[in-house]
Each structure stands twice: as structure tokens, then as C-alpha cells.
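Peer 1: Structure provided below as C-alpha cells; questions to follow.
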Amino acid sequence: QDLPGNDYSTATLCLGHHAVPNGTLVKTITDDQIEVTNATELVQSSSTGKICNNPHRILDGRDCTLIDALLGDPHCDVFQDETWDLFVERSNAFSNCYPYDVPDYASLRSLVASSGTLEFITEGFTWTGVTQNGGSNACKRGPNSGFFSRLNWLTKSGSTYPVLNVTMPNNDNFDKLYIWGVHHPSTNQEQTNLYVQASGGVTVSTRRSQQTIIPNIGSRPWVRGQSGRISIYWTVVKPGDVLVINSNGNLIAPRGYFKMRTGKSSIMRSDAPIDTCISECITPNGSIPNDKPFQNVNKITYGACPKYVKQNTLKLATGMRNVPEKQTRGLFGAIAGFIENGWEGMIDGWYGFRHQNSEGTGQAADLKSTQAAIDQINGKLNRVIEKTNEKFHQIEKEFSEVEGRIQDLEKYVEDTKIDLWSYNADVLVALENQHTIDLTDSEMNKLFERTRRQLRENAEDMGNGCFKIYHKCDNVCIESIRNGTYDHDVYRDEALNNRFQIKGVELKSGYKDWILWISFAISCFLLCVVLLGFIMWACQRGNIRCNICI
């Protein structure tokens, strides 16, 4: 089409931004679904299916629970003096010694797990007047009867069981964990056969605490040929404190102490295999990468892990608003500005220029505005990770049956925390996405304003992101506009002259329409005047008569 001014004496310059055929939908504060050119998934929703043994030291419990390894169950002797960052308990773990219970099982398990060691120091307890090293067929060590290796079962010597009173000071500079127990015979006959007295008792004291346990004699369900039970207790002795043990029967005595350590070791129930690999974050499902700020694999974690949320997906915008390129783009064919649509195929930048002049058409990216936008977006993912990643482990919570209400409260608190973090994650990502879209739009507007200030009166804003340049602007001229060296004074006279000529032609073309409309209006007015005059003349002559009735 041969339009006025669309010749070699003018040029068209359009500004635009990158676009893709199929963008990604993200959520912002103002819009639940807005399309962007690129986005990054923030929720880790799958695990590797295996537990990595690096950088954390993983100890596979195999068929032993941590408490069985602590007590010295014969089939758990391989764990003596072991250390770990994470002790992995398996679902097929079992006890293979005298049946026992731990009244405060969860606390003992947690205490030992966090210590990260089963280092045991034997001490010289003196038990006078009793028989030591009792055993049971329920706890065989090889072909012989045995017992827990870390405990000493004391029974009568001959026909006597004297009152025992033993003290053991802690002269070291660390806490000591003593494990001891009380035997509950199944019958009164068994009680007197083992301990002489019809009713024994055990008292274990320190300066800070005291525990007195009276045996509960009675038959219980048979386990490994035994209807009696042993209750396991524990006492922590601080540096400078003293352990005091008093008993007149039924005592399962300690052989020494476990050296307590402070740290961030833990325990986890999992059947995932352990493999040689590297991962900072471990869940019961297996290790997961920690390069995302959120995960919905498992609530239980160990290591530096993403925060657990309920959402399956949260996408962080890492590109600009996507406006796919239209197939038809107006009078200039391939030339259209950012207000109409984006440009597909821009591989060297996010923002750029397209031009049409006497030498043809061309395209080039604007690296300055592109880099400015990228610099602001690049740090977003790392900042979100820093705000949300756990630098500690979320341990399993266990409570005994009598602590059911505490367990319910704990579950409510944990669920509330997850709800809050899920909501916070949603808002945080929406805010970041809103900021990304706003800043990328802002860079586009900055580039447009910078170009407009350069061209001044030498060009006219066409309203679609393009400028009509009213002077001859070859490729060198176009390049000067792009790199900011354009001198509008050089082209000012030519641009003004061409602008007046083009506007003049447009003005003359417009006058024809005005003249036609004015002529038509005057003709209609004159016709009405003549017709009205004829009617009045006829009325005066009597040729026309008008009757007006009310």
C-alpha cells in the first residue's frame, strides 16, 4: 500500500520484548493465572527412593531397634560403640532377648538418637552377696543362655539376697547415661526363688532426681517362653553428681554408662535402601534435593531440607509477561510494538528493536535493559531458599498411650504450622511473581521512554510501541538510536520538513470531505427556505388554506 510518507524519506522503529508460543501460568497477588515466558518449579514432589550416605553418616539398624542396640540384645552386638548422624530403623526390626518394656520409651529413644553414639564405658560396680550375670533361655548368645550385654541380672546367692547400696560418682566433665531395670516375675514362687524376699524394690537416686520402683508380680502373655517382664529405666548423672542404687531384690543393674554427646544426630524409621550418593536432605521416602525452597514428600526430614507444604506445585516466574506473537500484525507486516504483542524468536535478549527503512527490515536486542531485568530476577530463587530451608531436622514425635492428649495437641500444632507455612509459601511466591512481572514491564517502559527522549520531534509515537521517524534513517542511524548516540539536531530540519509535507497532504485530503459535508448542509437549508417561502406566498393569495383545530 502506497501511504503518504511511507517512502524512503521515513522509517519505522518498533520496540518489543521476548515471547514464546506456549508460556507458563503463574499466580500473582492480582491474578490467579497469568502467563509468563518462563517459570521455575519451587516444590520438590519426589525423592530418589534411596538414602544417601554422604555427607551424613547413616547407620542402618537392619533388624535391630535403637533401644535393642543400646541394651545389648545378642543379635545387635555389631552396633556396640557405633556412631551416627542418622540412625535408620527398619520395619522388620525385632527384639530377641528377655521381653521388656520401657515406660518412657520415646524419651530414651530420642535422647540416645540425638547423642549420636553407643560408646559404652564399663565401670567397677561392687555387688556383694548376690549372684551376677544372670541369663535366660529367651536371650541366647549362641547355644547358651544369655542376657543384655549392657545389663547385669542380679539374683540371690545361696539363700540370701542382702540389701544393696552402691554409689558411683561422676568425676568427669560430661553427662553419663545409666541404663538399669526392674524384673517383674510371673509368680510369687519365681520371686522367692530368685530374690528370697516376697517383695523386692529398687531406688535409684542422684542429687537431682529419685526413682523408686516396686516389682509387679503376675503372669503376662508369653513371649519367647517367658511370662515375666523387665522394665527398663534410665538416669542421667551430671558432672559432679553421684549415682546411688539401693535394692533388696529384682534389680537389673548397670554395667557402666553411655557417654552422652550434644549434637544434631537423629533417628528415622524408613525402609528406603542406603546408597553411595550425596544429598543434604533425607526423608523416610529417601533423599531429596534441597535446591528448591519447598517439598511435599514427607513431613519428617533430616538435614538442610526444603520446608514442607501442602501444595503439589508452586511456580516462581523467572521471565516476563508472555504475549504470544499475532499472525497478522497491521500495516507494517512483521513490524509491531510491545503494546500489540511480544516477539517470538528473540534468542539474544529479552528486549529489542525492529525497524523498517530504505535498506529493508532488521532486528536487534537491547542488552542493557535485558541484563538489568535478569540481574533482578536471578537472585530470587536463592533468596526464597534462604528464607525457607530448614537448617535442622524435624524429628518423629512419639508419645505413650497415657500421653494421648499431648500427642493430639502436638499433632494439632504440627498441622497448624504446616497450614501456616503453606499459606505463607503461596503469598511469598505470589508477591515475588508480581514483582517480577512489574519489573520486567518497567524495563520495557524505560527502554521506550529512553528512545522517545532521543527522537523528540523527529518522530511520532504511533501508539502501538512503534515510532514513525520523519527523516531518512539508514541502518547506521538506527544503530545510533539503539546504542544511545543518536543526535536529533542533525536530522531536525529534514524531519520537520517531511512532517509538514506529510501532514499537509493529509490535511488537503481531509478538506475534501469537509467541503462536501458543508455543501450538502447549505443545499438542504436553501431548499427548506424556498419551500417555506412558497407556502407562505400561496397562503396569502388564498391558493392554500390552512385550518387549525384545537
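Glycine is no exception: its Cβ is also placed from the backbone N, Cα and C atoms.
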Peer 1: Of Cys76, Cys97, which cysteine does Swiss-Prot list as the disulfide partner of Cys64?
Peer 2: Cys76
Peer 1: Do you know which of Cys277, Cys305 Swiss-Prot records in a disulfide with Cys281?
Peer 2: Cys305
Peer 1: So, in Swiss-Prot, which cysteine from Cys52, Cys466, Cys473, Cys477 is disulfide-paired with Cys277?
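Peer 2: The record-listed partner cysteine is Cys52.
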Peer 1: Do me a favour and check the Cα-Cα span between Cys52 (disulfide bond) and Cys64 (disulfide bond); whole Å is fine.
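Peer 2: So the alpha carbons of Cys52 (disulfide bond) and Cys64 (disulfide bond) sit roughly 20 Å from each other.
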Peer 1: Can you tell me how far the Cα of Cys473 (disulfide bond) sits from the Cα of Cys281 (disulfide bond), in Å?
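Peer 2: Roughly 60 Å, rounded to the nearest whole number.
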Peer 1: For Cys305 (disulfide bond) and Cys97 (disulfide bond), determine the Cα separation and express it in whole Å.
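Peer 2: Their Cα atoms are separated by 38 Å.
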Peer 1: Nearest to Cys64 (disulfide bond) by Cα, among Asn165, Cys277, Asn483, Cys539 (recorded positions)?
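Peer 2: Going through Asn165, Cys277, Asn483, Cys539 one by one, the closest to Cys64 (disulfide bond) is Cys277.
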Peer 1: Counting across all protein chains shown, how many other Cβ atoms sit within 10 Å of the Cβ of Cys76 (disulfide bond)?
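Peer 2: A count of 27.
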Peer 1: Just give me the nearest neighbour of Asn285 (N-linked glycosylation site) among the recorded positions Asn38, Cys139, Asn483, Cys539, Cys549, Cα to Cα.
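Peer 2: Answer for the nearest of the recorded positions: Asn38.
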Peer 1: Distance check, please: Cα of Asn483 (N-linked glycosylation site) against Cα of Cys76 (disulfide bond), rounded to an integer number of angstrom.
Peer 2: 75
